[in-house]
(Lines of atoms letter the chains of each structure in order from A and count residues from 1; the text may use other names and numbers.)
(Lines give C-alpha, C1' and ligand atoms only; values in the text may rest on other atoms or scores of the structure.)
Protein backbone atom coordinates (compact mmCIF):
# COMPACT_ATOMS: atom_id res chain seq x y z
CA UNK A 1 0.00 0.00 0.00
CA UNK A 2 1.59 3.23 -1.16
CA UNK A 3 -1.32 5.59 -1.61
CA UNK A 4 0.64 8.83 -1.32
CA UNK A 5 4.10 7.56 -2.14
CA UNK A 6 5.18 5.32 -4.99
CA UNK A 7 6.85 2.11 -3.70
CA UNK A 8 10.63 1.60 -3.50
CA UNK A 9 10.77 -0.34 -6.77
CA UNK A 10 10.48 2.98 -8.61
CA UNK A 11 13.43 4.51 -6.78
CA UNK A 12 16.80 3.79 -5.20
CA UNK A 13 16.05 3.86 -1.47
CA UNK A 14 13.80 2.55 1.30
CA UNK A 15 12.70 5.31 3.69
CA UNK A 16 11.82 4.71 7.33
CA UNK A 17 10.70 6.96 10.19
CA UNK A 18 10.80 5.56 13.73
CA UNK A 19 9.16 7.12 16.81
CA UNK A 20 10.01 6.06 20.38
CA UNK A 21 7.66 5.59 23.29
CA UNK A 22 7.78 7.91 26.30
CA UNK A 23 4.37 9.27 27.30
CA UNK A 24 4.21 13.05 27.52
CA UNK A 25 7.84 13.20 26.42
CA UNK A 26 6.45 12.62 22.95
CA UNK A 27 6.36 16.43 22.88
CA UNK A 28 10.12 16.35 22.27
CA UNK A 29 9.63 14.14 19.22
CA UNK A 30 6.73 16.29 18.08
CA UNK A 31 9.00 19.33 17.84
CA UNK A 32 11.48 17.38 15.69
CA UNK A 33 8.75 16.04 13.41
CA UNK A 34 7.33 19.52 12.85
CA UNK A 35 10.74 20.77 11.74
CA UNK A 36 11.29 17.84 9.40
CA UNK A 37 7.93 18.40 7.74
CA UNK A 38 8.64 22.13 7.46
CA UNK A 39 11.91 21.40 5.65
CA UNK A 40 10.13 19.09 3.21
CA UNK A 41 7.52 21.77 2.51
CA UNK A 42 10.22 24.36 1.87
CA UNK A 43 12.28 22.09 -0.39
CA UNK A 44 9.25 21.07 -2.46
CA UNK A 45 7.64 24.51 -2.25
CA UNK A 46 4.36 22.94 -1.16
CA UNK A 47 2.76 23.52 2.25
CA UNK A 48 0.32 20.66 1.68
CA UNK A 49 2.92 17.87 1.77
CA UNK A 50 3.01 15.64 4.83
CA UNK A 51 5.48 13.15 6.29
CA UNK A 52 3.37 10.22 5.11
CA UNK A 53 4.11 11.33 1.53
CA UNK A 54 7.82 10.55 1.92
CA UNK A 55 8.20 7.46 4.10
CA UNK A 56 7.71 3.84 3.11
CA UNK A 57 7.20 2.93 6.76
CA UNK A 58 6.40 4.91 9.88
CA UNK A 59 6.99 2.81 13.00
CA UNK A 60 5.86 3.94 16.44
CA UNK A 61 5.74 2.51 19.93
CA UNK A 62 3.43 3.68 22.72
CA UNK A 63 3.22 7.47 22.41
CA UNK A 64 5.11 7.02 19.14
CA UNK A 65 2.32 4.71 17.98
CA UNK A 66 -0.20 7.45 18.66
CA UNK A 67 1.86 9.92 16.63
CA UNK A 68 2.15 7.34 13.85
CA UNK A 69 -1.64 7.08 13.68
CA UNK A 70 -2.04 10.87 13.71
CA UNK A 71 0.38 11.22 10.80
CA UNK A 72 -1.01 8.38 8.65
CA UNK A 73 -4.76 8.03 9.32
CA UNK A 74 -6.77 9.63 6.49
CA UNK A 75 -9.27 12.44 6.88
CA UNK A 76 -12.36 12.77 4.69
CA UNK A 77 -10.22 14.22 1.90
CA UNK A 78 -7.78 11.32 1.93
CA UNK A 79 -5.00 13.34 3.53
CA UNK A 80 -3.39 12.80 6.95
CA UNK A 81 -5.56 13.73 9.92
CA UNK A 82 -2.77 15.81 11.44
CA UNK A 83 0.13 17.82 10.14
CA UNK A 84 3.32 17.32 12.13
CA UNK A 85 3.02 20.86 13.51
CA UNK A 86 -0.27 19.87 15.18
CA UNK A 87 1.27 17.18 17.38
CA UNK A 88 2.76 19.40 20.10
CA UNK A 89 -0.45 21.48 20.55
CA UNK A 90 -2.38 18.19 20.76
CA UNK A 91 -0.13 16.91 23.55
CA UNK A 92 -0.24 20.21 25.43
CA UNK A 93 -4.03 20.13 25.42
CA UNK A 94 -4.73 16.44 25.92
CA UNK A 95 -1.97 15.26 28.30
CA UNK A 96 -3.52 16.80 31.46
CA UNK A 97 -6.79 15.04 30.67
CA UNK A 98 -5.13 11.66 30.15
CA UNK A 99 -2.67 11.89 33.07
CA UNK A 100 -4.78 13.71 35.64
CA UNK A 101 -3.36 14.39 39.11
CA UNK A 102 0.03 13.13 37.99
CA UNK A 103 2.16 14.41 40.86
CA UNK A 104 3.31 11.68 43.21
CA UNK A 105 2.65 13.71 46.33
CA UNK A 106 -1.04 13.80 45.38
CA UNK A 107 -2.62 11.40 47.95
CA UNK A 108 -4.95 10.03 45.27
CA UNK A 109 -1.90 8.59 43.50
CA UNK A 110 -1.53 6.06 46.32
CA UNK A 111 -4.17 3.86 44.72
CA UNK A 112 -1.59 2.99 42.06
CA UNK A 113 -0.22 0.48 44.58
CA UNK A 114 -3.34 -1.59 44.04
CA UNK A 115 -4.51 -0.82 40.50
CA UNK A 116 -3.37 1.22 37.46
CA UNK A 117 -2.60 4.81 38.31
CA UNK A 118 -5.01 6.03 35.59
CA UNK A 119 -8.20 4.40 34.35
CA UNK A 120 -7.52 5.27 30.72
CA UNK A 121 -11.15 6.16 30.02
CA UNK A 122 -10.43 9.59 28.56
CA UNK A 123 -7.64 8.21 26.36
CA UNK A 124 -9.91 5.45 25.06
CA UNK A 125 -12.74 7.87 24.32
CA UNK A 126 -10.53 10.49 22.69
CA UNK A 127 -8.78 8.00 20.42
CA UNK A 128 -12.15 6.65 19.37
CA UNK A 129 -13.28 10.16 18.50
CA UNK A 130 -10.14 10.95 16.51
CA UNK A 131 -9.58 7.67 14.68
CA UNK A 132 -13.14 6.38 14.47
CA UNK A 133 -13.48 3.12 12.55
CA UNK A 134 -10.25 3.58 10.58
CA UNK A 135 -8.42 0.28 10.28
CA UNK A 136 -4.77 -0.57 9.86
CA UNK A 137 -5.06 -1.23 6.13
CA UNK A 138 -6.42 2.28 5.54
CA UNK A 139 -3.33 4.24 6.58
CA UNK A 140 -1.74 6.48 3.96
CA UNK A 141 1.59 4.67 4.11
CA UNK A 142 2.82 1.49 5.76
CA UNK A 143 2.86 1.56 9.55
CA UNK A 144 4.34 -0.73 12.20
CA UNK A 145 3.19 -0.55 15.83
CA UNK A 146 4.61 -3.00 18.42
CA UNK A 147 2.57 -4.23 21.39
CA UNK A 148 2.88 -7.13 23.84
CA UNK A 149 0.15 -9.73 24.45
CA UNK A 150 0.19 -10.73 28.12
CA UNK A 151 -2.09 -13.73 27.57
CA UNK A 152 0.29 -15.30 25.08
CA UNK A 153 3.42 -13.75 26.62
CA UNK A 154 4.71 -12.69 23.22
CA UNK A 155 4.98 -9.56 21.11
CA UNK A 156 2.17 -8.69 18.73
CA UNK A 157 3.37 -6.46 15.92
CA UNK A 158 0.62 -4.64 14.05
CA UNK A 159 1.83 -3.76 10.58
CA UNK A 160 0.38 -2.98 7.19
CA UNK A 161 2.06 -6.12 5.86
CA UNK A 162 0.52 -8.36 8.52
CA UNK A 163 -2.89 -6.77 8.00
CA UNK A 164 -2.72 -7.64 4.31
CA UNK A 165 -2.07 -11.35 4.94
CA UNK A 166 -3.97 -11.90 8.21
CA UNK A 167 -7.40 -10.22 8.50
CA UNK A 168 -7.42 -10.77 12.28
CA UNK A 169 -4.54 -8.29 12.54
CA UNK A 170 -6.39 -5.64 10.54
CA UNK A 171 -7.60 -3.96 13.72
CA UNK A 172 -8.93 -0.48 14.30
CA UNK A 173 -6.15 2.06 14.76
CA UNK A 174 -7.80 3.30 17.95
CA UNK A 175 -7.59 -0.19 19.49
CA UNK A 176 -3.96 -0.60 18.44
CA UNK A 177 -3.02 2.80 19.89
CA UNK A 178 -4.74 2.06 23.19
CA UNK A 179 -2.92 -1.27 23.38
CA UNK A 180 0.56 0.02 22.58
CA UNK A 181 0.10 2.84 25.14
CA UNK A 182 -1.01 0.63 28.04
CA UNK A 183 2.12 1.01 30.15
CA UNK A 184 2.09 -1.34 33.17
CA UNK A 185 1.45 0.48 36.43
CA UNK A 186 0.15 3.57 34.61
CA UNK A 187 -2.69 2.39 32.38
CA UNK A 188 -4.75 -0.83 32.36
CA UNK A 189 -4.03 -3.60 29.84
CA UNK A 190 -6.41 -3.50 26.92
CA UNK A 191 -8.48 -6.36 25.52
CA UNK A 192 -10.18 -6.25 22.13
CA UNK A 193 -12.45 -7.18 20.51
CA UNK A 194 -14.93 -8.09 23.23
CA UNK A 195 -16.37 -10.92 21.13
CA UNK A 196 -14.41 -13.98 22.29
CA UNK A 197 -15.48 -15.93 19.20
CA UNK A 198 -12.97 -13.84 17.27
CA UNK A 199 -9.22 -13.62 17.83
CA UNK A 200 -8.72 -11.46 20.90
CA UNK A 201 -5.74 -9.42 22.02
CA UNK A 202 -4.71 -8.71 25.62
CA UNK A 203 -2.20 -5.94 25.21
CA UNK A 204 0.23 -3.82 27.16
CA UNK A 205 2.70 -1.14 26.12
CA UNK A 206 4.85 -1.98 23.11
CA UNK A 207 7.81 -0.49 24.97
CA UNK A 208 8.44 -3.80 26.71
CA UNK A 209 9.06 -5.23 23.23
CA UNK A 210 10.68 -2.38 21.30
CA UNK A 211 10.60 1.06 22.89
CA UNK A 212 12.61 2.17 19.87
CA UNK A 213 10.89 0.45 16.90
CA UNK A 214 13.59 1.21 14.33
CA UNK A 215 14.57 -2.40 13.70
CA UNK A 216 10.92 -3.47 13.65
CA UNK A 217 10.29 -0.98 10.86
CA UNK A 218 13.36 -2.10 8.92
CA UNK A 219 12.40 -5.74 9.32
CA UNK A 220 8.93 -5.05 7.94
CA UNK A 221 10.47 -3.94 4.64
CA UNK A 222 13.04 -6.75 4.63
CA UNK A 223 10.25 -9.25 4.99
CA UNK A 224 8.62 -7.84 1.88
CA UNK A 225 11.89 -8.42 0.03
CA UNK A 226 12.07 -12.00 1.32
CA UNK A 227 8.64 -12.87 -0.07
CA UNK A 228 9.49 -10.98 -3.28
CA UNK A 229 6.65 -8.50 -2.88
CA UNK A 230 6.38 -6.43 -6.08
CA UNK A 231 6.79 -3.19 -4.10
CA UNK A 232 10.37 -4.24 -3.31
CA UNK A 233 11.48 -5.36 -6.78
CA UNK A 234 15.21 -4.74 -7.11
CA UNK A 235 15.89 -4.78 -3.35
CA UNK A 236 17.55 -7.70 -1.56
CA UNK A 237 16.43 -8.49 2.03
CA UNK A 238 19.67 -7.32 3.65
CA UNK A 239 20.51 -4.32 1.49
CA UNK A 240 20.30 -1.96 4.44
CA UNK A 241 22.85 0.35 2.84
CA UNK A 242 19.91 1.43 0.66
CA UNK A 243 17.80 2.33 3.69
CA UNK A 244 17.34 5.90 4.90
CA UNK A 245 16.33 5.86 8.57
CA UNK A 246 15.32 8.72 10.84
CA UNK A 247 14.81 7.62 14.45
CA UNK A 248 13.36 10.12 16.92
CA UNK A 249 13.57 9.65 20.68
CA UNK A 250 11.70 11.14 23.62
CA UNK A 251 14.60 11.93 25.91
CA UNK A 252 16.32 10.20 28.81
CA UNK A 253 18.44 11.01 31.84
CA UNK A 254 21.48 9.01 30.75
CA UNK A 255 23.90 11.47 32.35
CA UNK A 256 22.30 10.93 35.76
CA UNK A 257 23.10 8.06 38.12
CA UNK A 258 20.26 6.00 39.55
CA UNK A 259 20.60 2.94 41.78
CA UNK A 260 23.53 1.15 43.38
CA UNK A 261 23.77 -2.60 43.85
CA UNK A 262 24.21 -2.02 47.58
CA UNK A 263 20.96 -0.08 47.73
CA UNK A 264 19.01 -2.46 45.47
CA UNK A 265 20.20 -5.50 47.42
CA UNK A 266 17.78 -4.44 50.16
CA UNK A 267 14.78 -4.11 47.85
CA UNK A 268 11.82 -6.41 47.76
CA UNK A 269 8.95 -6.54 45.30
CA UNK A 270 7.54 -3.16 46.34
CA UNK A 271 10.74 -1.17 45.78
CA UNK A 272 11.37 -2.79 42.41
CA UNK A 273 7.80 -1.97 41.33
CA UNK A 274 7.79 1.55 42.74
CA UNK A 275 10.60 3.20 44.64
CA UNK A 276 9.34 5.90 46.97
CA UNK A 277 12.80 7.30 47.64
CA UNK A 278 13.51 7.99 43.97
CA UNK A 279 9.85 8.35 42.92
CA UNK A 280 10.53 5.93 40.05
CA UNK A 281 9.34 2.57 38.72
CA UNK A 282 12.72 0.76 38.55
CA UNK A 283 11.78 -2.49 36.83
CA UNK A 284 9.65 -0.75 34.20
CA UNK A 285 12.28 1.93 33.59
CA UNK A 286 14.97 -0.72 33.20
CA UNK A 287 12.88 -2.68 30.67
CA UNK A 288 12.08 0.40 28.58
CA UNK A 289 15.63 1.78 28.65
CA UNK A 290 17.35 -1.53 27.90
CA UNK A 291 14.90 -2.26 25.07
CA UNK A 292 15.67 1.10 23.51
CA UNK A 293 19.43 0.97 24.07
CA UNK A 294 19.86 -2.46 22.49
CA UNK A 295 17.97 -1.39 19.37
CA UNK A 296 20.17 1.69 19.04
CA UNK A 297 23.30 -0.40 19.57
CA UNK A 298 22.39 -2.99 16.93
CA UNK A 299 21.21 -0.35 14.46
CA UNK A 300 24.43 1.62 14.91
CA UNK A 301 26.56 -1.50 14.42
CA UNK A 302 24.58 -2.44 11.32
CA UNK A 303 25.00 0.88 9.55
CA UNK A 304 28.64 1.15 10.62
CA UNK A 305 29.39 -2.33 9.26
CA UNK A 306 27.82 -1.33 5.95
CA UNK A 307 29.79 1.94 5.92
CA UNK A 308 26.44 3.72 5.68
CA UNK A 309 26.40 5.69 8.92
CA UNK A 310 25.23 8.80 7.09
CA UNK A 311 22.01 6.95 6.19
CA UNK A 312 20.94 6.69 9.84
CA UNK A 313 19.96 9.71 11.91
CA UNK A 314 19.13 9.26 15.57
CA UNK A 315 17.87 12.37 17.36
CA UNK A 316 17.41 12.12 21.11
CA UNK A 317 18.17 14.12 24.25
CA UNK A 318 20.11 12.16 26.87
CA UNK A 319 20.69 15.13 29.17
CA UNK A 320 17.28 15.28 30.85
CA UNK A 321 17.16 15.60 34.61
CA UNK A 322 15.51 12.93 36.71
CA UNK A 323 12.46 15.09 37.32
CA UNK A 324 12.00 15.61 33.56
CA UNK A 325 11.70 11.97 32.50
CA UNK A 326 8.37 11.04 34.09
CA UNK A 327 6.15 9.77 31.29
CA UNK A 328 3.00 11.10 32.98
CA UNK A 329 3.98 14.51 34.37
CA UNK A 330 1.27 16.60 32.73
CA UNK A 331 1.86 19.78 34.69
CA UNK A 332 1.86 22.79 32.35
CA UNK A 333 5.36 23.81 33.42
CA UNK A 334 6.76 20.38 32.57
CA UNK A 335 4.98 20.16 29.21
CA UNK A 336 6.31 23.57 28.16
CA UNK A 337 9.76 22.55 29.36
CA UNK A 338 9.64 19.42 27.17
CA UNK A 339 8.76 21.62 24.21
CA UNK A 340 11.78 23.81 24.98
CA UNK A 341 14.00 20.73 25.24
CA UNK A 342 12.87 19.67 21.76
CA UNK A 343 13.63 23.11 20.34
CA UNK A 344 17.09 23.17 21.93
CA UNK A 345 17.73 19.66 20.62
CA UNK A 346 17.45 21.00 17.07
CA UNK A 347 20.48 23.22 17.76
CA UNK A 348 22.45 20.40 19.41
CA UNK A 349 25.25 18.72 17.47
CA UNK A 350 24.41 15.37 15.87
CA UNK A 351 25.35 12.49 18.15
CA UNK A 352 26.19 8.85 17.49
CA UNK A 353 26.48 5.94 19.88
CA UNK A 354 29.97 4.99 21.03
CA UNK A 355 29.78 1.22 20.58
CA UNK A 356 32.25 0.63 23.42
CA UNK A 357 30.60 2.77 26.09
CA UNK A 358 26.94 2.80 24.90
CA UNK A 359 26.98 6.58 25.30
CA UNK A 360 26.28 9.19 22.65
CA UNK A 361 29.06 11.44 21.41
CA UNK A 362 29.15 14.29 18.84
CA UNK A 363 30.16 13.24 15.34
CA UNK A 364 33.44 14.68 13.99
CA UNK A 365 31.60 17.03 11.63
CA UNK A 366 30.22 20.11 13.36
CA UNK A 367 26.60 19.86 12.28
CA UNK A 368 23.47 20.23 14.37
CA UNK A 369 20.33 18.12 14.28
CA UNK A 370 18.32 20.67 12.34
CA UNK A 371 20.97 20.89 9.62
CA UNK A 372 21.03 17.10 9.39
CA UNK A 373 17.23 17.00 9.22
CA UNK A 374 17.42 19.37 6.28
CA UNK A 375 19.95 17.08 4.56
CA UNK A 376 17.70 14.07 5.08
CA UNK A 377 14.69 16.08 3.87
CA UNK A 378 16.55 16.77 0.60
CA UNK A 379 17.27 13.04 0.21
CA UNK A 380 13.59 12.23 0.85
CA UNK A 381 12.45 14.87 -1.62
CA UNK A 382 14.84 13.66 -4.33
CA UNK A 383 13.76 10.05 -3.81
CA UNK A 384 10.09 10.98 -4.09
CA UNK A 385 10.73 12.92 -7.30
CA UNK A 386 12.73 10.03 -8.76
CA UNK A 387 9.93 7.57 -8.04
CA UNK A 388 7.31 9.84 -9.57
CA UNK A 389 9.48 10.36 -12.66
CA UNK A 390 10.17 6.62 -13.07
CA UNK A 391 6.50 5.79 -12.63
CA UNK A 392 5.44 8.41 -15.18
CA UNK A 393 8.02 7.17 -17.68
CA UNK A 394 6.75 3.61 -17.31
CA UNK A 395 3.15 4.72 -17.80
CA UNK A 396 4.09 6.79 -20.86
CA UNK A 397 6.08 3.91 -22.36
CA UNK A 398 3.17 1.57 -21.75
CA UNK A 399 0.75 3.97 -23.43
CA UNK A 400 3.00 4.35 -26.46
CA UNK A 401 3.59 0.65 -26.95
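Using the three backbone atoms N, Cα and C, a Cβ is placed for every residue, glycine included.
What Swiss-Prot annotates here:
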{"type": "ACT_SITE", "residues": "62", "note": "active site, nucleophile"}
{"type": "ACT_SITE", "residues": "205", "note": "active site, proton acceptor"}
{"type": "DOMAIN", "residues": "17-218", "note": "domain 'PNPLA'"}
{"type": "MOTIF", "residues": "21-26", "note": "motif 'GXGXXG'"}
{"type": "MOTIF", "residues": "60-64", "note": "motif 'GXSXG'"}
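Its Cβ placed at the centre, residue 62 (active site, nucleophile) has 34 other Cβ atoms within 10 Å.
For the motif 'GXSXG' (60-64), the DSSP-based tally of helix, strand and coil residues reads 2 helix, 1 strand, 2 coil. Distance between Cα atoms for the residue listed as 'active site, proton acceptor' and the residue listed as 'active site, nucleophile': 6 Å, as a whole number. Residues in the motif 'GXGXXG' (21-26) partition by DSSP class (helix H, G, I; strand E, B; coil) as 4 helix, 0 strand, 2 coil.
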